[in-house]
Ligand SMILES: Nc1ncnc2c1ncn2[C@@H]1O[C@H](COP(=O)(O)OP(=O)(O)OP(=O)(O)O)[C@@H](O)[C@H]1O
């Protein structure tokens, strides 16, 4: 049993002692009250007996008589109040008692008793001259009534008495009316929760005991309990020293979604990973006919737990499979030879089958000849041969070569090295189906209500040790973390809790905790603690949600699930650019893939195009040749800078088009094109010049597609061409929103030389995965928090410059799933690459790009540009570009030279200021 030792000051000791004394006096009065007789020797009556009837003696009789005389019937309350009020105070923290509280309590009691006495006098006294009134409202009631009756009347007396009773009660109890109602509401909810959990437990236990349960129920709800653990939990609950805070509202503890039947074959893979050893007595054989898991899964077993006690109490598992799997781990590895023998026997059977088939075909050919249907027969045979090409049966001669050559088919390239192992048939559905993603089972929660209540108490206790008084109000059990929502005592700053987060996580023995200072819509702060067993969030679950399906925007992307397990869906068009940063291995690539796949499930190539930049080569190359690409995945960083430059040029071109059509954005532009096409009057391209294309007349305008530029490792790009890239990105980020170009920049180096002030100022939406330090977190989000994340897709999202952070558990998908979707799109069409995206323009040769260039050489146009800048007051690189008809890079380089010479300031928030208008000074 755990003891909580509190240190008390001498004053607190005295208060406690007085309260205990009051309880004893109260008990004495209760005895006196129970044996009170109006004929006893007492203050108001004197009888002829020598002895006292009252069991509490003369004193007891005397006090009770006094109470009755002065307070009437309400005197009955006093002995009981004397017992219960001190007990209540003792249980709820006598250290909170102050003189003011005592004074208010006293006043409250007087008001309460006065109100009650008046009401009793009015309703229970037949006549004011009657002696009875001593027994109804007492002297107090009769005095108040006789004095105020003429002033207030009966109604007035009743009205004020009721108000006095309410005010008196509130003052005595020290609670606010609103608080009272809120607590009552919480109590009601808790009760419902208790009932449903009890029902659930009963169902589960019934299932466990009932051998004749029907199959569907069995498939949906097989939950095994470790009896020892249950016992421990019961013990724990009864051992709780501090009273369980009955107003804690726990949400999300139960899994709302039950696994589907088809999930059950894979269910076992997830379940066994936490079960090192299940005692035989827990294993119940059920007659479920399911495919046994592949032998590879044995490798997934997690043997890090040493005892079954550590195994969490509720585990969703299929017993027959689990036993099979465990047996296999030992026996099948040894019996590989047997398996090979089996395969050989299978091949033998296959050969026999082939021979029979051949005979059958010969007979059919003969029959076809007889009825002159040779053509039809040949066609059928050819089709079926095509179908069987992949599964042709080896002959005896080939049998020995199977291992070496069978899978090469018609090519000399090893299948592992083939870019596209299979050429898929063109899919029939208009968009890729979600069936391409794996069905991953919903994993059961392993945290119990008792654990939650115990942790709540530990959190409150630890906070109290740090002089923070707070009470846990709500608890939210999510897929990866549990959030305890605490109400801080008025006047306590949330930052006080944030400052002690490390000490708190050590004291509470959690790997890390995160303090959410603001919970939108609630007056609480949140303490997020990691769950012992984290659930994976499957991408399919998030994409298959109403939130994703019903989103209107074309550029809607799913991120994962929030703390309560609700899908989080964001709109890239509104962001309008996104910065993703996190330490290596934190889940960035999976996160970026989630975003790309969300788009690939929604958009057609003509609607959205991608430019993918991937210095790591392996991350995005899987998307090569999908029809959405504007150019092949860029891995050379010099070319990547050209791609960004192309985007800037495209942006300028689009702005010209928008202004020619007098529309404000890409949506307006596309609507206008649709409108005129529908009228049969396609709009000729207004910015076309002869020679731009082979046409002799301006070609008709087509709808513009959105362009999403994804950079997987932004730091590499910055290293190769820092200044240029920074400026290009700043220009795109500032202006590209209206014309539909959006950037997603990911980096694993969240330092200020990569995520520069200029980039941050222009990219308001950020995602931070786990990082090493608070400083890194501040670099990304402008606030701490990301250092307390748990890795593997755990992220904080801050949208459109908002300081409010949403914790999201990223969706997960395997590389195979990504490949399947990319293959699906490849089978639908070929990309239409634009040739010059990666090429540098004439004046943007390597030298001019700034790679290896000497900054000492002043550009030929330098003087003219200075004159232009100082005379017009413009410092925009694009203005220089237009005025002098040079490429962006050259113009940017000249501006840098102007900066070096102190003529213009350095770029701040995408702008430069003119520092000197008299160039002759230099
Ligand atoms: N949402 C997720 N759910 C579960 N596991 C995840 C999730 N995201 C990532 N992981 C796990 O974390 C590992 C690392 O993820 P990922 O490769 O995306 O990290 P990264 O930040 O891109 O690393 P690097 O920068 O080194 O490429 C993955 O192999 C995967 O096992």
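Including glycine, each Cβ sits where the backbone N, Cα and C put it.
TrEMBL does not curate its annotations; it predicts them automatically.
When the ranges 70-91, 202-223 are checked against TrEMBL, the one recorded as transmembrane segment is 70-91.
Mapped onto three states, the DSSP output places residue 588 (ATP binding site) in helix. Through the fold, the transmembrane segment (70-91) approaches residues 16, 19-20, 22-23, 25-27, 29-30, 32-33, 64, 97, 113, 116-117, 120-121, 124, 133-141, 172, 243 of its own chain, all at least 6 residues removed from its boundaries and within a Cβ separation under 8 Å. If one looks beyond the transmembrane segment (12-33) by at least 6 residues along the same chain, the residues whose Cβ comes under 8 Å of a Cβ in the stretch are 54-56, 59-61, 63-64, 76, 78-87, 89-90, 94-95, 97.
Using a Cβ-Cβ cut-off under 8 Å and counting only residues 6 or more beyond its ends in the same chain, the transmembrane segment (103-125) has close neighbours at 71-74, 77, 132-133, 135-138, 140-142, 144-145, 154, 157-158, 160-165, 167-172, 174.
Close to ligand 1, meaning a Cβ under 6 Å from one of its atoms, are these of the binding-site residues 583, 584, 586, 587, 588, 589: 584, 586, 587, 588, 589. Neighbour counts were taken as the number of other C-beta atoms within 10 angstroms of each residue's C-beta; across the binding-site residues 584, 586, 589, the minimum falls on 584. Compute the center of the Cβ atoms of 582, 583, 584, 585, 586, 587, 588, 589, which mark the site for ATP; besides them, the chain residues with Cβ within 8 Å of that center are 748, 769, 770, 791. Under 8 Å, Cβ to Cβ, and six or more positions away along its own chain, residue 587 (ATP binding site) finds 769, 791, 792, 793, 794, 795, 810. Ranking the binding-site residues 582, 585 by other CB atoms within 10 A of the CB puts 585 at the bottom. Each of the binding-site residues 583, 588 was scored by the number of other CB atoms within 10 Å of its CB, and the largest score is that of 588.
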